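Annotation comment: TrEMBL describes 1-20 as signal peptide. For 21-124, the entry in TrEMBL reads domain 'TXNDC16 N-terminal'. Per TrEMBL, the feature domain 'TXNDC16 second thioredoxin-like' maps to 125-246. For 247-335, the entry in TrEMBL reads domain 'TXNDC16 third thioredoxin-like'. The domain 'Thioredoxin' feature in TrEMBL is assigned to 388-482.
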Ligand SMILES: *[C@@H]1O[C@H](CO)[C@@H](O)[C@H](O)[C@H]1NC(C)=O
Ligand SMILES: *[C@@H]1O[C@H](CO)[C@@H](O)[C@H](O)[C@H]1NC(C)=O
């Protein structure tokens with residue numbers, strides 16, 4: 001996954017596209033595909049006009065999304081490979097086909113599959129043809145119900161306009177839950193009237209759950225519950241979980257102690273107190289109310305005679321809104337309660353919820369297009385976490401205070417990035433298995449919403465590091481096995497490391513202390529103070545704590561510290577940076593500032609002035625926000641490469657390149673560099689090559705003229721020419737629009 005990050009990042013610098021999952025077939029590969037039996041969505045094109053150009057862009061995005069469902073998206077260019085039957089006729093260019101092997105399941109006018117949502121929803125609907133029933137009239141719906149009775153529950157989606165995000169959300173849900181429920185799609189208004197919708201002309205998408213499985217007699221109708229929220233992925237998922245929850249939960253605990261799934265799903269709970277004498281009646285009331293409030297409010301019947309129940313006798317009911325305390329009240333009639341919820345409590349909450357949902361949806365919307373095997377792989381929603389402890393509301397607090405370090409992943413099962421990351425997370429847990437003081441845990445935020453909101457987790461996936469008596473630390477690194485593993489190992493190093501003699505300082509700087517961490521980072525940063533009473537020591541220690549896992553920091557507060565800056569232009573307090581054994585140390589003066597300012601200062605001095613870019617270190621360098629002066633060198637360490645490196649280094653010391661980030665990529669160690677170069681230039685020229693990518697203007701890339709010798713003075717002249725507008729960008733006029741997958745990686749970062 002690290003690789004994807006680097007690629008996405010560098011591509012986004014030039015607003016180029018991520019490497020796409022869209023396949024281009026030749027006659028040969030098309031023939032092979034026809035024999036493979038696989039499902040493919042294929043567009044046969046020819047020339048490109050503006051409409052087709054837009055369509056192809058959407059095709060690229062849908063290729064990523066449909067990959068999750070095992071469906072390939074393919075383009076055939078008929079002007080290169082004229083495939084019989086499909087590359088001729090007037091329909092050419094305006095139709096796309098869904099194949100299973102050589103059989104056409106369906107063909108679509110490209111006006112129908114106009115964007116990524118439309119492509120995904122239509123293709124999934126066709127693929128799920130036998131699983132999702134399409135009904136047009138109430139009679140057809142009743143036939144589906146009759147087959148399902150005592151067998152399975154039904155999810156009915158009314159989709160007034162096909163191909164919009166609501167349609168896609170329903171189809172994706174059908175893909176995930178299709179083996180559990182019978183899915184039904186309807187478009188007309190006939191079924192709406194049958195379902196009791198007052199204004200069937202409204203163009204809102206809707207969803208109902210028909211409880212057919214539990215009907216006791218086949219002649220009984222299936223009771224139905226409408227979903228009252230906007231039809232999107234997260235709401236459907238929550239709603240289906242609510243439908244699985246028991247209608248009424250009975251308890252002998254005090255309301256504040258009852259734990260029902262509704263609370264974790266952000267839904268209010270109503271508590272009714274029952275007396276032994278009126279138990280039957282109370283149960284019936286609870287049932288009636290629960291039926292009316294199903295999907296919106298959870299109902300709990302509490303046996304008042306239990307000694308655990310502390311409520312004052314004058315109350316016979318209570319409710320609890322998400323994130324709030326229990327409120328007691330006196331119930332006079334069932335209608336009164338329904339009215340209370342529908343007209344007051346839910347109204348307020350609905351508004352809030354809707355706002356929240358919208359936000360959440362926009363995240364999901366982007367991430368849904370993300371590359372991942374997730375939804376497909378986890379169709380049955382089972383995760384095998386083994387070495388990772390799954391936390392619940394009951395176990396969370398105790399677990400995170402028990403270990404020296406508890407790493408907690410907050411995830412959401414419907415989020416493609418989370419599901420892809422979980423694999424890496426498990427690998428890290430396996431690698432650390434048995435190590436003292438470290439434990440990896442996970443919280444499913446779909447189920448334990450309350451924990452996640454208490455911990456202020458709003459984006460997924462999030463990794464927090466907990467230590468006893470300390471604030472949780474956010475893991476800001478990349479979502480890959482190697483990165484997280486390194487971070488955790490470094491987190492175990494005490495920070496700052498307190499040094500007590502010049503000999504220890506030496507062994508710290510040369511990497512003898514923590515030598516087994518050398519492969520994680522050769523860099524050592526040392527704070528030098530003349531005494532432990534220096535005002536700067538405390539903020540430095542705090543900064544060191546904030547940087548645990550990222551940097552190895554030492555502290556030498558001693559009168560001997562003076563020796564380390566002797567003869568240099570810097571006074572104490574100072575920062576000393578060592579980049580590994582044998583590399584000259586760098587010294588910086590240390591201003592008195594807040595811990596967070598110190599953190600950015602330390603991060604900055606830690607960065608190499610002419611770094612080799614790797615997948616791991618890239619984010620820290622990009623944070624500098626400078627234009628890149630990027631040298632690509634080939635696999636072999638040729639003399640040309642060595643010379644080119646030296647030539648760029650020369651103007652560094654005189655500060656002439658300060659407005660840039662001079663850096664290099666070794667294609668042997670970082671193979672993704674080759675594709676980056678291809679994306680930058682459209683081809684891979686003989687190496688080494690130097691390019692400049694200007695972040696400010698976003699999309700321009702300049703290539704140092706290959707015919708000119710790569711020498712310091714030529715490089716400076718070239719930079720001057722670029723800045724004064726005398727050089728042409730290497731790839732003029734590439735699309736400025738970032739494709740969604742890039743943006744989402746960017747965002748996750
Ligand atoms: C097909 O190839 C031609 C020539 O290479 C190109 O101009 C055209 O844009 C391509 N068409 C599509 C749909 O990619
Ligand atoms: C969550 O944020 C609130 C408000 O910013 C803060 O008071 C609280 O301590 C935070 N909780 C955690 C666990 O960080």
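Quick reminder: no glycine exception, Cβ is built from N, Cα and C everywhere.
Just so you know, TrEMBL annotations are computer predictions that nobody has curated.
Taken residue by residue, the domain 'TXNDC16 second thioredoxin-like' (125-246) breaks down under DSSP into 44 helix, 23 strand, 55 coil. As a summary of secondary structure, the domain 'Thioredoxin' (388-482) carries 30 helix, 23 strand, 42 coil according to DSSP. Taken as a whole, the domain 'TXNDC16 second thioredoxin-like' (125-246) shows an average pLDDT of 89 in this prediction.
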